[in-house]
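Since the structure comes first, as structure tokens, the remarks are kept for the end.
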């Protein structure tokens, strides 16, 4: 009985009917559509402000809500994923995998309280600064582009710094650390938001009283 059933299955696999082939193709198409939609739904859900807030309610969310990226005169709002998740597919997948370890750290108690978060803030900030430096602040430049800026409408210091940044190939995160979150204790980090070489280039020559 069992042997006969196995033989029937083997014969069907060797010469499947057109209906069977059509069924397999149809199931494959349906599975692909369902899988793709589930994948996209998962990506969209984990990119929402609510998803991030579920863990970060007591640490960075209040800081973000007090920033210009949350509320401003123009009403243009950047949510967590706009700054922390790349738009491009491969970098996005890499970042999602990295984020899974961060979620693990929260649920295993490494950074599950505000006090623990503060203890690791510098380490986490430096890792994110390095990521943004490496991709030329791509997430910032999805909204802010030197080529689209009208420097004449900026404050004088902003005009000078943006011009210098272009000349010296600086990227947004070189100057704009702490733009949406509190800075960590910076004893081991360069104190100024502006890199030293840019500050030096922007200094006005001291008056030379001995000049003739």
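Cβ from N, Cα, C; glycine included.
Listed features, source TrEMBL:
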| type | residues | note |
| --- | --- | --- |
| DOMAIN | 17-186 | domain 'NapC/NirT cytochrome c N-terminal' |
| TRANSMEM | 20-39 | transmembrane segment |
| BINDING | 80, 83, 84, 181 | heme 2 binding site |
| BINDING | 140, 143, 144 | heme 3 binding site |
Cβ-based isolation winner (fewest other Cβ atoms within 10 Å) among the binding-site residues 84, 144, 181: 144
Candidate nearest residue 181 (heme 2 binding site) in space, where candidates are the binding-site residues 140, 143, 144 and distance is Cα-Cα: 140
Collapsed DSSP category at residue 80 (heme 2 binding site): helix
Lowest local Cβ density among 80, 83, 143, which the record lists as binding-site residues, within 10 Å: 143
Cβ-centroid neighbourhood (8 Å) of the heme 2 site, 80, 83, 84, 181 excluded: 52, 60, 64, 81, 82, 180
Shell list (heme 3; ref centroid = CB of 140, 143, 144; cutoff 8 A): 137, 139, 141, 142, 145, 172
Spatial separation of residue 83 (heme 2 binding site) from residue 143 (heme 3 binding site) - C-alpha basis, Å: 10
Shortest C-alpha distance to residue 140 (heme 3 binding site) - which of the binding-site residues 80, 83, 84: 83
Rounded Cα separation (Å) that holds between residue 80 (heme 2 binding site) and residue 144 (heme 3 binding site): 16
Mean of pLDDT values spanning the domain 'NapC/NirT cytochrome c N-terminal' (17-186): 90
